[in-house]
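If you check TrEMBL, you get these features:
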ACT_SITE  CYS321  active site
ACT_SITE  HIS380  active site
ACT_SITE  ASP403  active site
BINDING   ASN443, ASP445, GLU492, GLU497  Ca(2+) binding site
DOMAIN    313-406  domain 'Transglutaminase-like'
REGION    1-26  region 'Disordered'
Amino acid sequence: MSETTSTNEENKLPLNGRRAIPPNYSNDEENDVPEMEAFGLIPRGFNPRDYLRVVDIYMFKEPQEINKREHHTDKYYNPKLIVRRGQAFQIQIDFNRPYRPEADQFWLEYLMGRYPQQNKGTYIPIVVGSALKPGQWGAKIIHRENNSIRLSIMSSTTCIIGKFRLYVAVLTPFGILRTRRNSATDTYILFNPWCKLDAVYLDDEKEREEYVLNDVGIVFHGNVEDIKSRSWSYGQFEENVLDACLFLMDKAELELSGRGNPIKICRVASAVINSRDDNGVIAGSWNNTYDYGVAPSAWTGSVDILLEYYSSKQPVRYGQCWVFAGVFNTFLRCLGIPARLITNYSSAHDNNANLRLDFFLDDEGKVDTKLTKDSVWNYHCWNEAWMTRPDLPVGFGGWQVVDGTPQETSDGMYRCGPASVQAIKHGHVCFQFDAPFVYAEVNSDIFYTRMEKNGTQVVENIDTTRIGVLIVTKEVGADGMMDITEEYKFREGSDEERLALETAVMYGVKKQSMQDTTYQPQTDVDMDFQAQKAVLGNDFKVTITFRNKSRNSYTANTYLSGNIVFYTGVTKREFKKHSFTAKLEPSSSSSFDIVIKSSEYMSDLLEQASFHFFVTARINETGKILAVQKATMLEIPSLRIKTKGEQVAGKEMSVIVEFTNPLKQTLENVMLRLEGPGVLRTIKKQFGRIPMNSTLTWEVKCIPMRPGLRKLIASLSSDALRHVYGELDVQIQKP
């Protein structure tokens with residue numbers, strides 16, 4: 001039998017010796033529900049038409065009707081009923097004759113998946129009662145008129161999230177009569193941050209409007225000395241996005257019965273957002289070549305990515321951290337989990353989670369790129385999702401870190417979180433999931449270590465303040481930046497910070513103590529490094545300043561290394577080497593300028609126009625080494641967006657995008673994208689080339705659908721220039 005298969009195997013359940021029912025992880029699959037379920041032999045004279053029969057079911061599912069308004073789901077471009085759990089909604093049933101409670105008996109059935117079971121929450125029979133209990137399934141009649149009744153239905157606060165099929169069942173003496181399968185009565189049930197009994201309850205209305213209902217956001221990038229921001233369209237209400245998000249849970253093979261739990265949903269989603277090990281949504285690429293795909297910087301929002309994945313079922317190319325975080329944010333907000341996108345500046349990617357990033361120096365004090373494995377990301381984006389954590393001790397609910405960017409494996413897969421922000425702050429990294437990794441991202445120290453010829457390591461310098469220096473998110477109700485560093489860590493150098501660190505070490509975060517290392521720094525000379533703000537394509541200067549606080553004269557052999565880097569801190573190429581000897585007079589400061597020419601960096605520049613400078617100086621008189629490193633970025637010109645004509649919902653208007661090429665070269669393979677949730681779906685246009693100093697103009701006609709304040713977002717991508725953005729707020733009037 002093992003080699004051959006019989007034809008009737010198709011119809012049999014795929015059983016194995018361990019479970020009676022196969023795994024149930026598709027919200028899309030269905031079972032056949034009989035319209036007549038007989039109790040035994042049916043007598044010859046039986047006519048189902050003699051009994052109470054459902055003629056029609058009315059769902060009140062239009063955006064302006066009571067259900068979607070009261071459940072805050074009126075923004076979804078979806079014709080079906082969408083409600084939030086733990087909150088009553090209404091439907092109307094029209095029968096073939098007036099309903100008589102003393103004689104007629106009917107009930108509702110909500111089903112999900114192919115093998116509905118009551119104990120798994122995928123088969124929910126609801127009998128009509130006299131009162132609704134908060135947080136429990138139930139139904140009561142609130143209005144009767146002629147042949148119709150109106151029901152108020154309450155769903156459970158722990159109900160599964162997803163799409164349910166609805167049947168109405170009527171009891172007759174000989175069997176159960178059911179309504180025919182009708183997809184128009186399908187009901188989506190989502191998480192409910194407005195309901196006190198829901199695990200994702202958030203008590204502030206302004207925060208709910210931002211973290212659940214806002215469909216655009218801000219991504220902060222750049223570096224801590226030069227913070228840049230750009231808009232991102234989450235588009236969680238756009239057509240088919242809800243179905244695409246439910247499909248992600250099918251793809252991740254999350255059992256339907258586990259889909260009422262936001263912890264499980266976040267954990268599996270953080271794996272399926274990236275394509276490593278499960279063919280998930282986005283393929284990451286950090287090497288500046290994006291063949292057969294879209295450069296990460298060119299995306300303006302999540303909708304195109306999710307819909308392409310939903311239709312092709314193949315990873316979408318390409319993403320980097322803010323793309324993973326943007327799509328993850330859409331997924332969470334779409335399902336009703338409050339979520340926000342976080343940026344951590346100077347984020348440690350510590351390969352062995354020992355709270356120590358090692359930068360190895362050679363004899364001359366230059367960084368040895370072969371030995372140095374750890375890296376500091378200029379910034380790294382992740383998400384926070386809001387939920388209770390009944391699996392942890394009291395006090396660790398609230399914001400949880402979840403990260404869809406593939407960095408390290410967790411339980412054998414590339415995923416991260418949910419990790420309690422509160423637990424990270426206090427060093428309680430023993431609590432699941434992945435808290436030690438996140439703790440290291442915001443708390444590591446940088447060790448500059450010199451390798452002696454005999455293999456011993458000498459620590460020349462330790463920087464304890466650079467990592468996790470600033471953690472931010474978009475502010476509530478506005479486009480500014482909110483500093484949330486204090487939610488992740490205590491003030492640098494405070495007693496509480498030391499206690500949190502000792503707690504983390506006690507719970508197994510590896511940290512080498514200072515006693516293990518021979519480390520006597522040079523304390524009487526400070527070295528600082530500044531870079532002048534500069535526009536892409538121009539020369540600029542950098543300045544190294546020494547402050548000699550001692551009464552001695554010193555000479556310092558100084559070495560500057562300028563590197564073109566990925567925003568992850570990984571070097572592509574060293575483009576500038578400069579050595580000089582600095583004379584340091586007693587009790588005085590001296591500054592040294594070095595000019596960086598555009599011809600030195602333009603040929604190899606990467607898309608985020610990011611440089612990384614290492615400066616090391618050896619004090620000849622003492623043999624000690626001073627070291628400092630700094631990331632700097634060039635200003636990238638932006639796109640200009642204008643509108644023409646009236647801005648009224650339902651009327652045609654024009655959007656004009658302009659860009660002037662600032663480089664001393666022609667831009668080749670120029671691609672423009674423009675989108676605005678509620679105004680226009682993403683439009684792309686290819687332009688062959690833009691000669692230097694010439695201006696490109698692109699006019700797009702569109703008909704905005706929704707009144708209110710909307711945002712237009714545009715991006716330009718080309719071979720030599722990327723990360724070019726523009727945005728415009730437009731007030732769409734009511735017709």
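Backbone N, Cα and C atoms are what each Cβ position is placed from, and that goes for glycine too.
Feature map: TrEMBL annotations on the structure.
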residue	record	Cβ contacts under 8 Å, 6 or more apart
CYS321	active site	TRP377, TYR379, HIS380, CYS381, TRP382, THR405
ASP403	active site	SER270, PHE324, ALA325, TRP382, ASN383, ARG415, CYS416, GLY417, VAL438
ASN443	Ca(2+) binding site	ALA348, LEU355, ILE467, GLY468, LYS489, LEU501, ALA504
ASP445	Ca(2+) binding site	LEU355, ARG356, LEU357, ILE462, ASP463, THR464, ILE467
GLU492	Ca(2+) binding site	THR464, THR465
GLU497	Ca(2+) binding site	LYS489, PHE490, ARG491
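There are 28 other Cβ atoms within 10 Å of the Cβ belonging to HIS380 (active site). When the domain 'Transglutaminase-like' (313-406) is classified with DSSP, helix, strand and coil residues number 15 helix, 41 strand, 38 coil. Neighbours of the Ca(2+) site: apart from ASN443, ASP445, GLU492, GLU497, residues of the same chain with C-beta atoms within 8 angstroms of the site's C-beta centroid are THR464, THR465, ILE467, GLY468, LYS489, GLY493, LEU501.
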